[in-house]
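Trainee: Have a look at the structure that comes next, please.
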Amino acid sequence: MSLKIKEIFTVFILSIGIFLFVIDLFIINVSLPTIQKTLSLNNHQSQWIIILYIIGYTSVLINAGKAGAFFGYKKLYVMGILGFTFASLVCGLSTNFYILLIGRFLQGISSGFMVPQGLTLIIQLFEKEEKKAVALGIYGSIAGVASVLGQLLGGLLPDITLLNESWRLIFLINIPLGCVAVLIAQLKISKSEIVEKVKLSFLPMIQVFILLIGLIYPLIIGPELDLPFWCIGLLIVFVILIILFLKNEKEQSDKTQSALINFKLFKNKVFNFGLFAALAYYMVQDAYFIVNANYLQNFKHLSPTTTGIAFFYQGIGYVLASLIVGKYVQNHAKNVLLIGLSIMIIGLFFHLLLLNHDHLNLYYIHVLFFFYGLGCGTVLPLLMTSALKDIPKNLIGVGSAIYLTVQQISICLGIAIVVGIYFQSNHLPFYVLQNLSTAYGLVIIVSIALLLVVAGLTCKN
């Protein structure tokens, strides 16, 4: 069933939230080396520019549904876009590292509010399943386009020579889009009533924020300082806090229905395997972009534009594969997932072989990145659906929230650990592959190992 022009327009307006979130998640990857040089940042400081964005998003995400019901979904969606637009202005005009971090954290918090509300409004507005499926398809396609466009713009904008510090445009381009989106949403999107009286507490958001900082901070700073005792102590404190948090959630789950985590989900082996697979996969995903962008620009001396175009081919491969695999998901999900993982592993192996020459052939890079993108586009759409396939309908919402939280935490861990290995290994002897950059070779091998873990979990599941 097709949608009317007015309905398509509505879907586009409600998809601007996910568009802004995704494009700013990806646009930073290619432009990060330029920002690092301009602001004279060290390696672990550059990691925080991405990580605080994700931590802000994840901290808010767990309570976003209740917040939408409490304030009204439309109102919170518009407030989220306004907040994101203001945060983008802060990032674009930042004069130092700390102001940029504040802006990125505010972007993440705003995203955590606006993204779930946009999706909820689409589900509410389209009651017929056929129309809802079409609308969600458009929503997903817009997110895919944002990821591709983000990689390209992340290379093109910092290379504009007419402006000083043109990397600021990666944030400032959000402002006109955000302002127009707020205006149109106010005029064209029907008001959503508060659907239920809910008890809204900011305590869970604060708890998640503290837990994530307690985990990620020592993982990033520790290697820089040769892992001092206080870093080890902070990790021990994190383990204690997470045990207490889960214990409290278990008690709340047994007594009431208001707990964030429903522990019945963990009796489902398919869901458990899915979470571990997501943990390993997403540790690779964002780390891949950051490491390759840094390696191509700082070690192979490619321009940001050339690097962005290379990632654009990766994005094309991703979009094409994600469109094709939908036909085979129903009956062959496991096999399709294993094929996708095999493509990614083979692609990473050829990264080792082809990217260690002094003179890189751009044609080979484009083909290689496109091939790797095919693997990503095959795997990514199936991971979540495979993890949730046996979950009862009444627990889908909670299960999705847990999965998405694990996804974001895994991305943070990938940036802290996998990217950390890359930064820390630059000056270590790498005796296995003498012609390859030490750090790059080690990270690719770690990534292959993590994808093999995903493949093993898929075979068992």
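For all residues, glycine too, the Cβ spot is worked out from N, Cα and C.
Got these off TrEMBL a minute ago, pasting:
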type	residues	note
DOMAIN	10-461	domain 'Major facilitator superfamily (MFS) profile'
TRANSMEM	7-28	transmembrane segment
TRANSMEM	48-64	transmembrane segment
TRANSMEM	105-126	transmembrane segment
TRANSMEM	133-157	transmembrane segment
TRANSMEM	169-189	transmembrane segment
TRANSMEM	201-221	transmembrane segment
TRANSMEM	227-246	transmembrane segment
TRANSMEM	270-291	transmembrane segment
TRANSMEM	311-329	transmembrane segment
TRANSMEM	362-383	transmembrane segment
TRANSMEM	395-423	transmembrane segment
TRANSMEM	438-459	transmembrane segment
Trainee: Using a Cβ cut-off under 8 Å, which residues of the same chain at least 6 positions beyond either end of the transmembrane segment (395-423) come close to it?
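Mentor: Contacts with the transmembrane segment (395-423): 43-44, 47, 50-51, 54-55, 57-58, 61-62, 65, 208, 212, 215-216, 219-220, 223, 260-262, 264-265, 271, 274-275, 278-287, 290-291, 294-295, 384, 387-388, 439-440, 442-443, 446-447, 450.
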Trainee: Are there residues at least 6 beyond the ends of the transmembrane segment (48-64) whose Cβ is under 8 Å from a Cβ of it, and what are they?
Mentor: 21, 24-25, 28-29, 32, 35, 100-101, 104-109, 111-113, 115-117, 200-202, 204-206, 208-209, 212-213, 216, 220, 260, 286, 290, 401, 404-405, 408-409, 411-412, 415-416
Trainee: Which bits of the chain, at least 6 residues beyond where the transmembrane segment (169-189) starts or stops, bring a Cβ under 8 A of a Cβ in it?
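Mentor: Distant Cβ neighbours of the transmembrane segment (169-189) are 9-10, 13-14, 16, 20, 23-24, 27-28, 31, 74, 77-78, 81-82, 84-85, 88-89, 91-92, 103, 121, 153-154, 157-158, 160, 163.
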Trainee: For the transmembrane segment (311-329), give me same-chain residues lying six or more residues beyond its boundaries with a C-beta closer than 8 angstroms to one of its C-beta atoms, as numbers and ranges.
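Mentor: Distant contacts of the transmembrane segment (311-329): 29-30, 144-145, 147-149, 151-152, 154-155, 289, 292-293, 336, 340, 366-367, 369-378, 380-382, 385.
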Trainee: With Cβ-Cβ distances below 8 Å as the criterion, list the same-chain residues six or more beyond the ends of the transmembrane segment (133-157) that contact it, or say none.
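Mentor: Distant Cβ neighbours of the transmembrane segment (133-157) are 1-3, 7-8, 11-12, 14-15, 18-31, 118-119, 122-123, 125-126, 166-167, 169-170, 173, 289, 293, 303-309, 311-312, 314-316, 318-319, 322.
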